[in-house]
Amino acid sequence: MTVLVLVEHDNASVKDATLAAVTAAGKLGEVHALVAGSGAQAAADAAAKIAGVSKVLLADDAAYAHALPENVAPLVVDLMANYDAFVAPATSNGKNIAPRVAALLDVMQISDILSVESADTFTRPIYAGNAIAKVQSSDAKKVITVRGTAFEKAAREGGSAAVEAVAGKGDSGLSSFVGAEISKSERPELTSAKIIVSGGRALQNSENFHTIIEPLADKLGAAVGASRAAVDAGYVPNDYQVGQTGKIVAPEVYIAVGISGAIQHLAGMKDSKTIIAINKDEDAPIFQVADIGLVGDLFKVVPELTDKL
Amino acid sequence: MKLLVPVKRVIDYNVKPRVKMDGTGVDLANVKMSMNPFDEIAVEEAIRLKEKGVATEIVAVSIGEAKAQETLRTALAMGADRAILVVAEGEVEPLAVAKILKAIVDEEQPGLVILGKQAIDDDSNQTGQMLAALTGRPQGTFASAVTVEGDSVKVTREVDGGLETVSLKAPAIVTTDLRLNEPRYASLPNIMKAKSKPLAQKTPADYGVDTSPRLKTLNVSEPPKRTAGVKVADVDELVAKLKALGVAA
C-alpha cells in the first residue's frame, strides 16, 4: 500500500503534527508526503529528511499559499489516483481539507484515529473520548485524520527522499484569503509542549491569567492552555482552548488551575501522563482524574508555588 | 437569501455517556437527548441573519429517526420557518448525510448552508466539508464570525494558531465554532407557534441516496480509566512532588 500524507507546514518548516501522521501512515505502507504551498521548497526539503518518508511531492503555487481547501482538495484528489490512502494530521487544517477530499473520492473518512489495527481497521474516540470505537472501512481507498497525541513522532532526521514537483489545477476561484491574526508567543506550542499550565473560569479575568498563570508557566517552561469557559469569557484567545472540540493535548505534566473538569475539557487532556489539579472546591470532578490534587485558593497557592519553584 | 440549517439530535451535552456492556455502542436508552450544541449555534446565526434582513427564509433539516422531529420543532421554536425531516433508521454516516443534504440543496437552492462543525456523539467533523465538496461550493469551517456582503461571505475561522479570515463566493457552506454566538432559548409562545409550522417528512430514497454504512463498528469500549491520585496538603508538598517528577529543579 502507498500512502499520501498531507504535510502541515508554514512553507519554511514542517510542523510537529506531521510527524505523528507519518508514523500512523507508516503502519499502512510506503509513505509519500505532499507539501502544498507557495515558496515551500524549504518545507519540502525538511519533509524529505523525515525518517520513513520515501518521496516528497511539492505543489508550489500561489493558489496553495493559505491551504484553501477549495484549491488543495482537487490537487489531492488528482494525486490519489496513484495512492491507496490519504492521511492528514487532525489539525484545524487537516480537518478542513480531508473531508473535502473524502467526499470527492466517495469515501467515508475515518476521523482522529488512535491506532492502526490493520490495513482497514482503526480505533477512534467518540462521545468526547468517553468511548473508543473500533471501525473497519469497506472503502477501496482510505481517508484518515490522525490524533497527534496517539502516535510517536517520526524522527525529523534520517530520511533522504527525493522531492518531485507536481502541479494541480491552481485557483478554483471559489474562495480567497483575507487575513489572519496568529497569536505570537515565546512559549512552547500547546500540542507539543511537555508541560502545560491551564486556567479556567476561576481566574476571573484576563489580567489574572497574566499575573497568576503565566509566571508559573514561564518558571516551568510550560505552554499556557485554558478551559472553554475561560476562552468564552474572553480571558484568553481561542487557540488556548483544550477540550473535545479545541486542542487535544497529552503532555508529561498538565496543571489545571481553577478548572472544574467538565467532560468536554477532560476529553482534551486526560491522556496527559501526570495531571495536577489546583481548585478550591474539593468536590470538583477534576480531582477524580488528577494524580496530584491541591485544594486551595488559586490566588494564594499559585503565586506561592511559582515562588518556591 | 434562503438559508438551510441542518440539525442533529444527539445525547445532551451534560450527560456522561456510558458504554454498553456488550460492546455494541453507547447506551442511549432513557438518556436525555438534545439538539447538537454546534447546530444550535447554526440556527441562532441563521436567525440573526434574518433579523438583519440578509436572509428571507430559514429551512431546518434533520436526518435521523422519527424522534428527530423534536429537534426540528426546537429549531422552529427558535425561529426557523419550516422544516424537512428525512427519516432514516440506524446510524447515518456523514458521507450519506452530505449526499442527502446535497439533494436538498439542489432542490432548495439556499444562498448559505450553516452547519455545526461537529456532532458531539460521533465527533467526526466532516459533514459541512463533504457537503461543500459534493455541491462544488466554498467552505468556511469553524466560524467565529460571518458577514454577508453582496454575493460574498466573509468568514472568520478559529484555527490552531489563532484566527483566519476568508472570503467565499456565495452560495457557500459555513460550519460553526463555539464563539460564533450564544443561542437563544425559545419562548413559550414560540414553542406553541412552532407546532403549527410546516414540517415535511421524507426518506433517503426520496433523494436517491443509499445510506448503508461504509464503516463497520466492530466494537465500542471504554477508554482506559484514570483513577484519583493523592491530595497534597500544601504548596511545599506539591513542590516536592514536582521535583520528584523532574519538572522542577
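Note that Cβ sites are derived from N, Cα and C of the backbone, with glycine treated the same way.
Here TrEMBL flags A:3-181 as domain 'Electron transfer flavoprotein alpha/beta-subunit N-terminal'. The FAD binding site annotation in TrEMBL covers A:Arg201, A:227-228, A:241-245, A:258-265, A:Asn279.
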Sparsest-packed of the listed binding-site residues (A:Gln241, A:Gln244) - C-beta count within 10 angstroms: A:Gln244
Mapped DSSP class for A:Arg201 (FAD binding site), helix or strand or coil: helix
Most Cβ neighbours inside 10 Å, all chains, among the binding-site residues A:Arg201, A:His265: A:His265
Near-B candidates in A:Arg201, A:Gln244, A:Ile259, A:Ala262, A:His265, the binding-site residues, by Cβ under 8 Å: A:Gln244
Fewest-neighbour residue among binding-site residues, criterion Cβ within 10 Å, set A:Ile259, A:Ala262: A:Ala262
A:His265 (FAD binding site) - helix vs strand vs coil (DSSP): helix
Three-state secondary structure, which DSSP defines for A:Gln241 (FAD binding site): strand
